[in-house]
Amino acid sequence: MSRLLQRIFGRLPIGWLQLTHKRGRFAAALAGVAFANVLVFVQLGIMNSMAEATLRPYGFFDADVMISAADANALAEGGNVARQWMLQALADPDVNDGMGLFVGNVPWDRGGTDITLTTFGVDPGRPDFVTHGLTDGLMYLQVQDTVILDRLARGLPHEEAAAIRPQTPLAFETENRTLTAMTTFAGGGAFGGDGYMLVSDQTFLSLFPSRSSAAPDHILLRLRSGADVAATIERLQGLISDHSLRIRSFVDAAVEDLRYQQTQRPTGVIFGFGVLIGVLVGLVIVYQVLSADVADHLREYATFKAMGYRPRFFLGIVIEEALVLGLLGFLPGLIVGTAILTVMGKVTTLPLAMTPGMAVTVLLGTLVFSVISGGIATRRLAAADPADLF
Amino acid sequence: MDSDPIVEVRGLNHWFGTGEARKLALSNINMTLTRGGFTVLMGPSGSGKTTVLTLVGCLRAVQEGSVRLMGHELNGASAKELTALRQRLGFIFQAHNLHESLTALQNVIMGVQVRPGLPDDLARHAAARALGLVGLSDRLDYLPAKLSGGQKQRVAVARALVGNPALVLADEPTAALDKDSASDVVDLLKRLGARRGTTTLLVTHDNRILDRADRILTLEDGRLVSVKETAAE
Ligand SMILES: Nc1ncnc2c1ncn2[C@@H]1O[C@H](COP(=O)(O)OP(=O)(O)OP(=O)(O)O)[C@@H](O)[C@H]1O
Ligand SMILES: [Mg+2]
């Protein structure tokens, strides 16, 4: 290792030799960096899964524009939108088609475990508005009280979900009604619910008697192909009489939902804060180790200064140490972080996993922050005055 | 060129502190060191010996007067120039100042590696040779903690000499050593210096060293009070 580093640096790897000379301190420092890495990995993993879970339901639908109430920050949040605005929107030449989208949570008592299905009510006659995995199943929804069920829902055993087919449907009781799952699609557990369910708007209204067909939660619009989405939205804002409505492209709606989850909701803020804490812990640990190391070697550094070594050389030693700590601390952090995320993913059925992107981000972050800490630690080098050596 | 002095000090004054506390440490020092001599600088504690060494060794800025080192005027020289000049000097301190994490060999390598562009194996070879000259061929891979005080100071001598410096500055290098080790180290310095044509300026209180000197300078209260050429050579 020492020889290898000597090749790389073109000089004795003093930083490496210095760090490994005090094995106890070195091991503690690596454990500290690894711990900070694990902290960041877990928080990032949760944030990633939150992003994935937030964006996932948008993937069920195929629309260009979404009209929502002013307070509708997320799909399942906020007031509803009068259907009459859809009729106004359809007057625009670039708007091809519109559909009301109903959203509500349906509890499902599975004998012991209560699970919550985020339920979307759609018009079964408009397959254009749902994405591939759902178009085929949509025709079954024409029959009252039939559903397309999320086969990845939390609390739904795999074998049970896999057995659901039109020939062998699954009937279940909820809200004093009997629903029949004719087919399934791949959703997954989220933070707001355990899974998803698609029903016809008629079935939705019978599940939620207080809701009215005249007021869906959102209105989805599909535009003429090649239409300018931004320009159309601007026209719609003039066209529709209710100016408090949020008229956004479907993509923007998803992005804004995610931003809302990450910055306005306590969970998102807490996880973001967790990343910050992890970074700070790492920064402080590396700084502590390196500045203590500089302080311990002031005499040696002063001697090297007397011998004619330049400031760059000392900076190089500390940066070398920072990189060694960052790199060697990252590896155990990656292994432990992956293990924790895998176990957490299994337990929660949230999409928690180590991704290459996360690993690379955290590695680069670790190296950058290590070098920053090292840079700060070198301020102490000024105290090494070779004139004091004699 | 060969007769050019290595060090030429003219009218050197040096103060420590500022304002009321300003105190004259060196007053009108004049001295010349020619190539190859072994000069001992003596004087009571606080007389300014170390101050002379740090000024000549480019470790302190010259305030007043002139110090010419290998033809370069140090008064007014930039920190960068001083650092570059230091690369051509050898220092030996009272404490050995070896790096605890580096082996004897690695410590000595540090003495040559300061020259940019020196190939790795050449530095290693030169360092091993220098350690051989101080009689430590069998201790190359020892950490300082595993060496005796005299051995450590011999490593320090090897480190100071490995780069073939024009001038070696040593400040009480034997103060921490027992009698035998002390005379070993001084013999080495004298012998190796003579062989390589190195100029040595050594500060000491130690009378045992005086008989090795070519020249003895005595400082008292910041003034050079005597210059004695000895018959040693
Ligand atoms: N960094 C400093 N700040 C203030 N005064 C200093 C400093 N270094 C030395 N002095 C003063 O300058 C004078 C000369 O000091 P110097 O260290 O050169 O003496 P010395 O001859 O080497 O003494 P010793 O034999 O005790 O090492 C002393 O009076 C000392 O107090
Ligand atoms: Mg002194």
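Placed from the backbone N, Cα and C atoms, the Cβ positions cover glycine too.
What TrEMBL annotates here:
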DOMAIN    A:274-385  domain 'ABC3 transporter permease C-terminal'
TRANSMEM  A:26-46  transmembrane segment
TRANSMEM  A:269-292  transmembrane segment
TRANSMEM  A:313-341  transmembrane segment
TRANSMEM  A:353-372  transmembrane segment
Residues of the same chain, at least six outside the transmembrane segment (A:26-46), with any C-beta under 8 angstroms of its C-beta?
19-20, 271-272, 274-275, 277-279, 281-282, 285-286, 289, 325-326, 328-334, 336-338, 340-341, 344, 350, 352-354, 358, 361-362, 365-366, 370
How do the residues of the domain 'ABC3 transporter permease C-terminal' (A:274-385) split into helix, strand and coil according to DSSP?
98 helix, 0 strand, 14 coil
Average the pLDDT scores across the domain 'ABC3 transporter permease C-terminal' (A:274-385) and report the rounded value.
90
